[in-house]
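Per Swiss-Prot, the feature (6S)-5,6,7,8-tetrahydrofolate binding site maps to LEU119, GLY123, HIS124, LEU125, SER351, PRO352, PHE353. Annotation source Swiss-Prot lists site 'Plays an important role in substrate specificity' at HIS227. Sequence annotations record features per position, and here Swiss-Prot assigns N6-(pyridoxal phosphate)lysine to LYS228.
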Amino acid sequence: MDFTNLKNTDPELLDMIKKEEERQEYNIELIASENFTSLSVMEAMGSLLTNKYAEGYPHKRYYGGCEFVDEVEDLARERLKKLFAAEHANVQPHSGSQANMAVYMSVLQTGDTILGMDLSHGGHLTHGSPVNFSGKLYNFISYGVDKETETIDYEQLKKIALENRPKMIVSGASAYPRIIDFQKIREICDEIDAYMMVDMAHIAGLVATGLHPSPVPYADFVTTTTHKTLRGPRGGAILCKEKYAKAVDKAIFPGIQGGPLMHTIAAKAVCFGEALREDYKEYMQQVVKNTKVLGEELKNYGFRLISGGTDNHLLLIDLTNKNITGKDAEKLLDSVGITVNKNTIPFETLSPFITSGIRIGTPAVTTRGFKEEEMKKIAYFMNYSIEHREENLSQIKEQIKEICKKYPLHQNA
(Lines of atoms letter the chains of each structure in order from A and count residues from 1; the text may use other names and numbers.)
(Lines give C-alpha, C1' and ligand atoms only; values in the text may rest on other atoms or scores of the structure.)
Protein backbone atom coordinates (compact mmCIF):
# COMPACT_ATOMS: atom_id res chain seq x y z
CA MET A 1 0.00 0.00 0.00
CA ASP A 2 1.02 3.59 -0.52
CA PHE A 3 2.23 5.14 2.75
CA THR A 4 3.57 8.38 1.25
CA ASN A 5 1.77 10.66 3.71
CA LEU A 6 2.43 8.52 6.78
CA LYS A 7 6.11 8.41 5.86
CA ASN A 8 6.22 12.19 6.18
CA THR A 9 3.89 12.69 9.15
CA ASP A 10 4.50 9.69 11.41
CA PRO A 11 7.59 7.66 10.49
CA GLU A 12 7.60 6.10 13.96
CA LEU A 13 4.22 4.45 13.39
CA LEU A 14 5.07 3.58 9.80
CA ASP A 15 8.11 1.69 11.03
CA MET A 16 5.84 -0.44 13.24
CA ILE A 17 3.48 -1.14 10.34
CA LYS A 18 6.41 -2.10 8.11
CA LYS A 19 7.69 -4.55 10.72
CA GLU A 20 4.25 -6.18 10.90
CA GLU A 21 4.09 -6.22 7.10
CA GLU A 22 7.39 -8.10 7.02
CA ARG A 23 6.19 -10.56 9.68
CA GLN A 24 3.05 -11.35 7.68
CA GLU A 25 5.02 -11.63 4.43
CA TYR A 26 7.66 -14.07 5.69
CA ASN A 27 5.78 -16.16 8.25
CA ILE A 28 3.45 -19.10 7.70
CA GLU A 29 0.17 -17.92 9.26
CA LEU A 30 -1.71 -20.84 10.80
CA ILE A 31 -3.94 -19.04 13.29
CA ALA A 32 -7.37 -20.39 12.33
CA SER A 33 -9.18 -17.10 12.93
CA GLU A 34 -6.83 -15.03 10.76
CA ASN A 35 -6.77 -14.38 7.03
CA PHE A 36 -5.41 -11.92 4.48
CA THR A 37 -7.88 -9.43 2.99
CA SER A 38 -7.79 -8.33 -0.62
CA LEU A 39 -6.35 -4.95 -1.55
CA SER A 40 -9.92 -3.91 -2.47
CA VAL A 41 -11.06 -4.55 1.11
CA MET A 42 -8.14 -2.49 2.43
CA GLU A 43 -8.86 0.34 -0.01
CA ALA A 44 -12.47 0.54 1.19
CA MET A 45 -11.28 0.42 4.82
CA GLY A 46 -8.90 3.29 4.17
CA SER A 47 -11.44 5.42 2.30
CA LEU A 48 -12.89 8.79 3.29
CA LEU A 49 -16.07 7.03 4.40
CA THR A 50 -14.35 7.00 7.80
CA ASN A 51 -15.23 10.71 8.01
CA LYS A 52 -19.00 10.17 7.98
CA TYR A 53 -21.24 9.89 11.03
CA ALA A 54 -24.42 7.94 10.27
CA GLU A 55 -26.25 7.05 13.48
CA GLY A 56 -29.39 5.09 12.74
CA TYR A 57 -30.13 2.97 9.68
CA PRO A 58 -30.33 3.66 5.93
CA HIS A 59 -33.01 6.25 5.07
CA LYS A 60 -33.65 6.83 8.79
CA ARG A 61 -30.53 8.59 10.11
CA TYR A 62 -29.97 11.15 12.84
CA TYR A 63 -27.55 13.11 10.64
CA GLY A 64 -27.80 14.81 7.26
CA GLY A 65 -25.62 14.02 4.27
CA CYS A 66 -26.07 10.26 4.53
CA GLU A 67 -27.53 9.56 1.08
CA PHE A 68 -24.36 7.91 -0.25
CA VAL A 69 -23.44 5.95 2.86
CA ASP A 70 -27.05 4.74 2.83
CA GLU A 71 -26.31 3.21 -0.57
CA VAL A 72 -23.17 1.58 0.85
CA GLU A 73 -24.99 0.02 3.80
CA ASP A 74 -27.90 -1.12 1.63
CA LEU A 75 -25.42 -2.80 -0.71
CA ALA A 76 -23.68 -4.58 2.16
CA ARG A 77 -26.98 -5.78 3.63
CA GLU A 78 -28.36 -7.06 0.32
CA ARG A 79 -25.14 -8.89 -0.54
CA LEU A 80 -25.03 -10.52 2.88
CA LYS A 81 -28.66 -11.65 2.66
CA LYS A 82 -27.99 -13.11 -0.78
CA LEU A 83 -24.83 -14.88 0.39
CA PHE A 84 -26.65 -16.76 3.15
CA ALA A 85 -30.27 -16.72 1.89
CA ALA A 86 -31.31 -14.80 5.01
CA GLU A 87 -34.46 -12.78 5.70
CA HIS A 88 -32.76 -9.88 7.51
CA ALA A 89 -29.19 -8.67 7.92
CA ASN A 90 -27.53 -6.11 10.20
CA VAL A 91 -24.00 -5.16 9.13
CA GLN A 92 -23.31 -2.57 11.85
CA PRO A 93 -21.78 -4.71 14.66
CA HIS A 94 -18.19 -3.63 15.27
CA SER A 95 -17.24 -7.20 16.20
CA GLY A 96 -18.55 -10.72 16.62
CA SER A 97 -18.74 -10.21 20.37
CA GLN A 98 -20.98 -7.18 19.92
CA ALA A 99 -23.14 -9.11 17.46
CA ASN A 100 -23.62 -11.80 20.12
CA MET A 101 -24.33 -9.23 22.83
CA ALA A 102 -26.97 -7.57 20.66
CA VAL A 103 -28.77 -10.86 20.02
CA TYR A 104 -28.88 -11.65 23.74
CA MET A 105 -30.18 -8.18 24.53
CA SER A 106 -32.77 -8.25 21.75
CA VAL A 107 -34.95 -10.99 23.28
CA LEU A 108 -33.58 -11.86 26.74
CA GLN A 109 -33.54 -10.27 30.18
CA THR A 110 -30.52 -10.03 32.47
CA GLY A 111 -30.29 -13.23 34.50
CA ASP A 112 -32.07 -15.42 31.94
CA THR A 113 -30.68 -18.92 31.49
CA ILE A 114 -28.73 -19.66 28.28
CA LEU A 115 -27.12 -22.94 27.25
CA GLY A 116 -23.81 -22.57 25.40
CA MET A 117 -20.75 -24.62 24.52
CA ASP A 118 -18.02 -24.82 27.16
CA LEU A 119 -15.04 -22.64 26.21
CA SER A 120 -12.52 -25.38 26.96
CA HIS A 121 -14.49 -27.75 24.72
CA GLY A 122 -14.29 -25.36 21.77
CA GLY A 123 -16.88 -22.67 22.53
CA HIS A 124 -16.21 -18.93 22.75
CA LEU A 125 -15.78 -16.35 25.50
CA THR A 126 -19.15 -14.83 24.62
CA HIS A 127 -20.92 -18.18 25.03
CA GLY A 128 -20.94 -17.85 28.80
CA SER A 129 -17.39 -17.60 30.10
CA PRO A 130 -17.53 -16.20 33.67
CA VAL A 131 -14.85 -13.62 32.82
CA ASN A 132 -16.94 -12.29 29.90
CA PHE A 133 -20.03 -10.03 29.88
CA SER A 134 -22.08 -13.05 28.81
CA GLY A 135 -21.26 -15.00 31.95
CA LYS A 136 -21.71 -11.93 34.15
CA LEU A 137 -25.08 -10.76 32.78
CA TYR A 138 -26.76 -14.08 32.07
CA ASN A 139 -27.10 -17.43 33.81
CA PHE A 140 -25.08 -19.53 31.39
CA ILE A 141 -24.88 -23.29 31.65
CA SER A 142 -22.64 -25.38 29.41
CA TYR A 143 -22.60 -28.44 27.21
CA GLY A 144 -19.51 -30.00 25.70
CA VAL A 145 -18.03 -32.89 23.77
CA ASP A 146 -18.09 -36.61 24.51
CA LYS A 147 -14.89 -37.79 26.22
CA GLU A 148 -14.39 -40.70 23.82
CA THR A 149 -15.34 -39.22 20.44
CA GLU A 150 -14.44 -35.60 21.31
CA THR A 151 -17.44 -34.51 19.24
CA ILE A 152 -20.52 -32.65 20.51
CA ASP A 153 -22.57 -34.86 22.81
CA TYR A 154 -26.08 -34.09 21.56
CA GLU A 155 -27.68 -36.43 24.08
CA GLN A 156 -25.97 -34.57 26.93
CA LEU A 157 -27.02 -31.27 25.33
CA LYS A 158 -30.64 -32.44 25.20
CA LYS A 159 -30.54 -33.73 28.77
CA ILE A 160 -29.16 -30.42 30.11
CA ALA A 161 -31.71 -28.48 28.06
CA LEU A 162 -34.65 -30.52 29.38
CA GLU A 163 -33.44 -30.23 32.98
CA ASN A 164 -32.73 -26.47 32.89
CA ARG A 165 -35.09 -25.21 30.15
CA PRO A 166 -32.90 -22.29 29.02
CA LYS A 167 -34.47 -19.37 27.15
CA MET A 168 -31.83 -19.75 24.42
CA ILE A 169 -29.39 -22.36 23.13
CA VAL A 170 -26.18 -21.05 21.57
CA SER A 171 -24.16 -23.19 19.18
CA GLY A 172 -21.09 -22.53 17.07
CA ALA A 173 -17.50 -22.68 18.24
CA SER A 174 -14.01 -21.22 18.06
CA ALA A 175 -12.05 -24.49 18.24
CA TYR A 176 -14.26 -27.32 17.02
CA PRO A 177 -13.08 -29.21 13.92
CA ARG A 178 -16.27 -31.11 13.09
CA ILE A 179 -19.63 -30.50 11.39
CA ILE A 180 -22.31 -29.15 13.75
CA ASP A 181 -25.80 -30.65 13.44
CA PHE A 182 -27.97 -27.54 13.51
CA GLN A 183 -31.15 -29.48 12.71
CA LYS A 184 -30.71 -31.60 15.82
CA ILE A 185 -30.18 -28.48 17.96
CA ARG A 186 -33.30 -26.89 16.42
CA GLU A 187 -35.32 -29.93 17.46
CA ILE A 188 -34.06 -29.58 21.04
CA CYS A 189 -34.92 -25.85 21.03
CA ASP A 190 -38.44 -26.63 19.81
CA GLU A 191 -38.90 -29.22 22.54
CA ILE A 192 -38.28 -26.62 25.27
CA ASP A 193 -39.54 -23.57 23.35
CA ALA A 194 -36.11 -21.87 23.37
CA TYR A 195 -34.57 -19.39 20.96
CA MET A 196 -31.79 -20.79 18.78
CA MET A 197 -28.69 -18.70 18.12
CA VAL A 198 -25.74 -19.85 16.03
CA ASP A 199 -22.36 -18.12 16.12
CA MET A 200 -20.88 -19.14 12.77
CA ALA A 201 -17.92 -16.75 12.92
CA HIS A 202 -15.39 -19.48 12.16
CA ILE A 203 -17.32 -21.42 9.55
CA ALA A 204 -19.12 -18.60 7.69
CA GLY A 205 -17.02 -19.13 4.57
CA LEU A 206 -17.79 -22.84 4.55
CA VAL A 207 -21.50 -22.17 5.03
CA ALA A 208 -21.54 -19.57 2.23
CA THR A 209 -20.08 -22.10 -0.20
CA GLY A 210 -22.10 -25.15 0.85
CA LEU A 211 -19.18 -26.89 2.56
CA HIS A 212 -20.94 -26.88 5.93
CA PRO A 213 -24.72 -27.15 6.47
CA SER A 214 -26.24 -23.69 6.85
CA PRO A 215 -27.70 -22.70 10.22
CA VAL A 216 -29.87 -20.02 8.59
CA PRO A 217 -32.94 -22.23 7.91
CA TYR A 218 -32.91 -23.50 11.51
CA ALA A 219 -31.75 -20.64 13.74
CA ASP A 220 -33.71 -17.63 14.92
CA PHE A 221 -30.43 -15.68 14.97
CA VAL A 222 -27.08 -16.23 13.26
CA THR A 223 -24.05 -14.12 14.10
CA THR A 224 -20.69 -13.97 12.39
CA THR A 225 -17.49 -12.06 12.11
CA THR A 226 -16.53 -10.74 8.69
CA HIS A 227 -12.84 -11.59 8.90
CA LYS A 228 -11.75 -15.24 9.40
CA THR A 229 -12.98 -17.44 6.54
CA LEU A 230 -14.98 -14.59 4.93
CA ARG A 231 -11.68 -12.75 4.31
CA GLY A 232 -13.11 -9.33 5.03
CA PRO A 233 -12.38 -6.49 7.45
CA ARG A 234 -12.49 -7.03 11.20
CA GLY A 235 -16.15 -6.70 12.16
CA GLY A 236 -19.41 -8.49 12.85
CA ALA A 237 -22.85 -9.09 11.36
CA ILE A 238 -26.22 -10.54 12.37
CA LEU A 239 -28.72 -12.53 10.32
CA CYS A 240 -32.19 -13.24 11.67
CA LYS A 241 -35.78 -14.09 10.84
CA GLU A 242 -37.76 -11.05 9.71
CA LYS A 243 -39.91 -11.15 12.86
CA TYR A 244 -36.82 -10.36 14.98
CA ALA A 245 -35.44 -7.64 12.68
CA LYS A 246 -36.66 -4.63 14.67
CA ALA A 247 -35.54 -6.09 18.00
CA VAL A 248 -32.06 -6.88 16.66
CA ASP A 249 -31.64 -3.50 14.98
CA LYS A 250 -32.70 -1.68 18.17
CA ALA A 251 -30.29 -3.77 20.23
CA ILE A 252 -27.37 -2.64 18.04
CA PHE A 253 -28.47 1.01 17.76
CA PRO A 254 -29.23 2.65 20.09
CA GLY A 255 -28.77 -0.38 22.35
CA ILE A 256 -25.04 -1.04 22.46
CA GLN A 257 -23.50 1.10 19.71
CA GLY A 258 -23.60 4.65 18.43
CA GLY A 259 -22.44 5.57 14.95
CA PRO A 260 -21.62 2.73 12.55
CA LEU A 261 -18.15 2.51 10.99
CA MET A 262 -19.06 3.30 7.40
CA HIS A 263 -15.59 2.58 6.01
CA THR A 264 -15.74 -0.87 7.60
CA ILE A 265 -19.26 -1.47 6.27
CA ALA A 266 -17.98 -0.56 2.79
CA ALA A 267 -15.17 -3.10 3.22
CA LYS A 268 -17.76 -5.66 4.37
CA ALA A 269 -19.70 -5.01 1.16
CA VAL A 270 -16.52 -5.70 -0.82
CA CYS A 271 -15.88 -8.99 0.98
CA PHE A 272 -19.50 -10.16 0.59
CA GLY A 273 -19.23 -9.39 -3.12
CA GLU A 274 -15.99 -11.38 -3.32
CA ALA A 275 -17.61 -14.30 -1.47
CA LEU A 276 -20.41 -14.45 -4.04
CA ARG A 277 -17.91 -15.20 -6.82
CA GLU A 278 -17.08 -18.67 -8.12
CA ASP A 279 -13.37 -18.31 -7.34
CA TYR A 280 -14.23 -17.88 -3.66
CA LYS A 281 -15.96 -21.26 -3.66
CA GLU A 282 -12.82 -22.79 -5.19
CA TYR A 283 -10.77 -21.08 -2.48
CA MET A 284 -12.91 -22.53 0.32
CA GLN A 285 -12.79 -26.00 -1.26
CA GLN A 286 -8.99 -25.73 -1.21
CA VAL A 287 -9.06 -24.65 2.45
CA VAL A 288 -10.88 -27.87 3.36
CA LYS A 289 -8.53 -30.00 1.22
CA ASN A 290 -5.48 -28.33 2.75
CA THR A 291 -6.71 -28.82 6.30
CA LYS A 292 -7.39 -32.52 5.74
CA VAL A 293 -3.94 -33.09 4.20
CA LEU A 294 -2.21 -31.12 6.97
CA GLY A 295 -4.10 -33.15 9.57
CA GLU A 296 -3.23 -36.50 8.00
CA GLU A 297 0.44 -35.56 7.68
CA LEU A 298 0.59 -34.45 11.32
CA LYS A 299 -1.05 -37.72 12.36
CA ASN A 300 1.65 -39.58 10.43
CA TYR A 301 4.20 -37.73 12.57
CA GLY A 302 2.44 -38.91 15.72
CA PHE A 303 0.44 -35.78 16.58
CA ARG A 304 -2.90 -36.47 18.26
CA LEU A 305 -5.78 -34.61 16.63
CA ILE A 306 -8.80 -33.85 18.81
CA SER A 307 -11.76 -35.88 17.43
CA GLY A 308 -9.30 -37.70 15.16
CA GLY A 309 -9.40 -35.22 12.30
CA THR A 310 -11.35 -32.35 10.75
CA ASP A 311 -14.36 -31.50 8.58
CA ASN A 312 -13.62 -27.80 8.29
CA HIS A 313 -10.80 -25.25 8.22
CA LEU A 314 -9.09 -26.00 11.53
CA LEU A 315 -7.30 -28.63 13.58
CA LEU A 316 -7.06 -28.87 17.36
CA ILE A 317 -3.93 -30.72 18.42
CA ASP A 318 -3.22 -32.36 21.78
CA LEU A 319 0.54 -32.05 22.36
CA THR A 320 0.68 -34.14 25.53
CA ASN A 321 2.45 -37.05 23.84
CA LYS A 322 5.02 -34.64 22.37
CA ASN A 323 6.01 -33.50 25.88
CA ILE A 324 5.54 -29.83 25.09
CA THR A 325 2.85 -27.39 26.24
CA GLY A 326 0.76 -25.25 23.92
CA LYS A 327 2.49 -22.15 25.24
CA ASP A 328 5.97 -23.51 24.54
CA ALA A 329 4.97 -24.87 21.13
CA GLU A 330 3.54 -21.48 20.14
CA LYS A 331 6.79 -19.75 21.13
CA LEU A 332 8.99 -22.38 19.48
CA LEU A 333 7.11 -22.40 16.18
CA ASP A 334 7.02 -18.61 16.14
CA SER A 335 10.82 -18.60 16.37
CA VAL A 336 11.05 -20.45 13.03
CA GLY A 337 8.30 -18.46 11.32
CA ILE A 338 5.15 -20.52 11.91
CA THR A 339 2.38 -18.65 13.72
CA VAL A 340 -0.08 -20.72 15.77
CA ASN A 341 -1.97 -20.18 19.00
CA LYS A 342 -1.94 -22.17 22.22
CA ASN A 343 -5.39 -23.59 22.92
CA THR A 344 -7.16 -25.52 25.62
CA ILE A 345 -8.37 -28.99 24.69
CA PRO A 346 -11.49 -30.79 25.97
CA PHE A 347 -11.07 -31.92 29.59
CA GLU A 348 -8.00 -29.69 29.87
CA THR A 349 -5.75 -30.17 32.90
CA LEU A 350 -3.50 -27.13 32.41
CA SER A 351 -4.07 -23.40 32.81
CA PRO A 352 -5.52 -21.54 29.78
CA PHE A 353 -2.28 -19.53 29.84
CA ILE A 354 -0.26 -22.74 29.36
CA THR A 355 -2.61 -25.29 27.65
CA SER A 356 -2.08 -28.82 26.41
CA GLY A 357 -2.81 -27.96 22.80
CA ILE A 358 -2.52 -25.69 19.82
CA ARG A 359 -5.12 -24.68 17.26
CA ILE A 360 -4.16 -24.32 13.62
CA GLY A 361 -6.05 -23.50 10.43
CA THR A 362 -5.38 -23.06 6.73
CA PRO A 363 -7.51 -20.08 5.54
CA ALA A 364 -4.61 -17.60 5.52
CA VAL A 365 -2.02 -19.82 3.81
CA THR A 366 -4.63 -20.94 1.27
CA THR A 367 -5.28 -17.29 0.41
CA ARG A 368 -1.56 -17.04 -0.42
CA GLY A 369 -1.85 -19.98 -2.81
CA PHE A 370 -0.52 -22.83 -0.67
CA LYS A 371 -1.82 -26.25 -1.71
CA GLU A 372 -1.43 -29.88 -0.64
CA GLU A 373 2.33 -30.08 -1.22
CA GLU A 374 2.92 -27.04 0.97
CA MET A 375 0.77 -28.64 3.69
CA LYS A 376 3.11 -31.63 3.72
CA LYS A 377 6.07 -29.29 4.11
CA ILE A 378 4.37 -27.39 6.94
CA ALA A 379 3.72 -30.65 8.79
CA TYR A 380 7.38 -31.57 8.34
CA PHE A 381 8.54 -28.16 9.60
CA MET A 382 6.28 -28.37 12.64
CA ASN A 383 7.34 -31.89 13.53
CA TYR A 384 11.05 -31.26 12.96
CA SER A 385 10.99 -28.08 15.03
CA ILE A 386 9.27 -29.78 17.97
CA GLU A 387 11.39 -32.95 17.79
CA HIS A 388 14.66 -30.98 17.52
CA ARG A 389 13.72 -28.05 19.73
CA GLU A 390 17.04 -28.12 21.58
CA GLU A 391 18.96 -27.68 18.31
CA ASN A 392 19.64 -24.73 16.01
CA LEU A 393 16.62 -24.43 13.72
CA SER A 394 17.91 -21.65 11.47
CA GLN A 395 17.76 -23.90 8.39
CA ILE A 396 14.03 -24.49 8.99
CA LYS A 397 13.44 -20.76 9.34
CA GLU A 398 15.25 -20.16 6.05
CA GLN A 399 13.21 -22.82 4.23
CA ILE A 400 10.00 -21.25 5.54
CA LYS A 401 11.10 -17.84 4.31
CA GLU A 402 11.79 -19.27 0.84
CA ILE A 403 8.30 -20.79 0.61
CA CYS A 404 6.76 -17.48 1.66
CA LYS A 405 8.74 -15.68 -1.06
CA LYS A 406 7.17 -18.01 -3.64
CA TYR A 407 3.68 -16.95 -2.53
CA PRO A 408 3.67 -13.19 -1.84
CA LEU A 409 0.72 -11.78 0.11
CA HIS A 410 -0.62 -9.75 -2.79
CA GLN A 411 0.62 -11.40 -5.95
CA ASN A 412 -0.87 -8.81 -8.28
CA ALA A 413 0.05 -5.76 -6.20
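Using N, Cα and C of the backbone, Cβ positions are placed for all residues, glycine too.
Counting other Cβ atoms within 10 Å of each Cβ, the lowest count among the binding-site residues GLY123, PRO352 belongs to PRO352.
It is 28 Å from the Cα atom of SER351 ((6S)-5,6,7,8-tetrahydrofolate binding site) to that of HIS227 (site 'Plays an important role in substrate specificity'). Candidate binding-site residues: LEU119, LEU125. Fewest other C-beta atoms within 10 angstroms, LEU125. Counting in whole angstrom, LEU119 ((6S)-5,6,7,8-tetrahydrofolate binding site) lies 21 from HIS227 (site 'Plays an important role in substrate specificity') by their C-alpha atoms.
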